[in-house]
């Protein structure tokens, strides 16, 4: 029985144990499955392999390392961002500590507000490349009063402080009495504009404008948009280049008045002349400065919107300006001649004057504007200058005048030499204005007979040939008009207007466009004169608009003497000394009101005939031939 059981167990064990052939087949089958799995390489197999690796201890370790690397990369990026934010916040805090407006705030400001305040503070400091405080001006061993007296003594003027908002005189030194003859108490608290010349008020208001000084540092909350009240301690005031001021103005002088009788014409003119001279030219130089209202001791309760605003004032020194008279140069030293530029209308009136004219002529630019240059020419030089005036209106070339005398403010004459050229509008082809560069001619140059400065001698073609002289004879004495210095004549300003009307009339009579007159827009010598049968030709032959020759010399002037064309018949009034503006207006038939009405009636008749509302048109009333 026992043997039987042993045989059965050995048979079962033999059956259960694989043979060599079975082992080979099983190993091949397993390797084939693995090869097929590697050969497919699909995402599903990779995921299954990863899932299989998770079950395997070695696979789980690799998966954990992979997840750890991803987590470490994320933590490193967040750390970098955190360090960047911390660094930016530290810079913002440091910037806020450097800006005074941010440092004075009680609460912490957001980044945008800090950056905006920093930009505003840098704009405030712009232009002050070398800022310095008031303390750097004064040495330590000098007091304020001593320094003030030294400055006034060196400047030979007076110190004044004027508010920029209303022009109120806040302070003036006692030395103002030496210049304006006003005491210190008379001016303090008064308006500066009450003591200025009416033509200079606008200029001084422009100089008192504080738009280009340091801007007001008014803070605005970024969240609410409302102004923020700050407790900023005012630091020492700074001066920047944009706050500098230097200008000329005329101020009243408290001179003792002279009692005159109004009935006397000469006394009345003398009074007007004295009134003109009651103003003196003051050269003011200084700075615009700002002070807090509390420091100035001003009451600001009436202005609720005045918080954070500073009071802007002009602190300047006024000095009496005296015009420069050219002195003869001794020796061979050559210096640059003094000159100024002026611009004139076609009739000779000043429309622009360079500021350098004040130092030469003693006139302020606003005194010359609107006046005719002929009012300042010497009567012996008007004939030559009138001829140059015609030439500059007829040609595009530069015209250089001879030496002539120009009346300055004190009544004396200064010798000038000018270069004129006309500016033509490129669209309308008309002369708009004349530019004149005026150079001072020194006395030693005239005495030495410099050939580059020809001088015009007295000739019959002077003031007498340009203005009516009456019927008493060809020559008469010049009347002396009270208030007008000798050497000039009353009514000389109309000469420029007459010359301009003459050139315009000739151009209108010719009826040609400016571009068809050759090289000159108003050339009257390049084309033949009109027919004498026409109204324009009769007018020219009668002496109303004489022909101007292209060549000629001044009477009594040699051939080699440099000069400009001039002829007896070229004068406006050479043949008819009694002609005037009213005579020219009466002779211009085409521009009278009656002719204008006739022309308008003909035009209306043409319109009615064209529309079928009237009969035939009668052209007999036309003021010009058809």
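From the backbone N, Cα and C atoms, a Cβ is placed for every residue, glycine too.
In Swiss-Prot, the feature motif 'Nuclear export signal 1' is placed on 142-152, out of the ranges 142-152, 153-163, 164-174. Remote same-chain partners of the motif 'Nuclear export signal 2' (361-369), defined as residues 6 or more beyond its termini with a Cβ less than 8 Å from a stretch Cβ, comprise 199-200, 203, 248, 250, 281, 322-323, 340, 342, 350-355, 406, 408-410, 414. Counting residues of the domain 'PAS 1' (143-215) by DSSP class, helix then strand then coil, yields 36 helix, 14 strand, 23 coil. Residues belonging to the domain 'PAC' (401-444) score a mean pLDDT of 89 in the model.
Between the alpha carbons (Cα) of residue 125 (site 'Important for interaction with CLOCK') and residue 90 (phosphoserine) lies a span of roughly 24 Å.
Break the domain 'PAC' (401-444) down by DSSP state and the numbers are 2 helix, 27 strand, 15 coil.
Of the recorded residues, residue 78 (phosphoserine) and residue 90 (phosphoserine) place their C-alpha atoms 18 Å from one another. A sphere of 10 angstroms centred on the C-beta of residue 90 (phosphoserine) encloses 10 other C-beta atoms. In this view, residue 78 (phosphoserine) is surrounded by 10 other Cβ atoms within 10 Å of its Cβ, with every protein chain counted.
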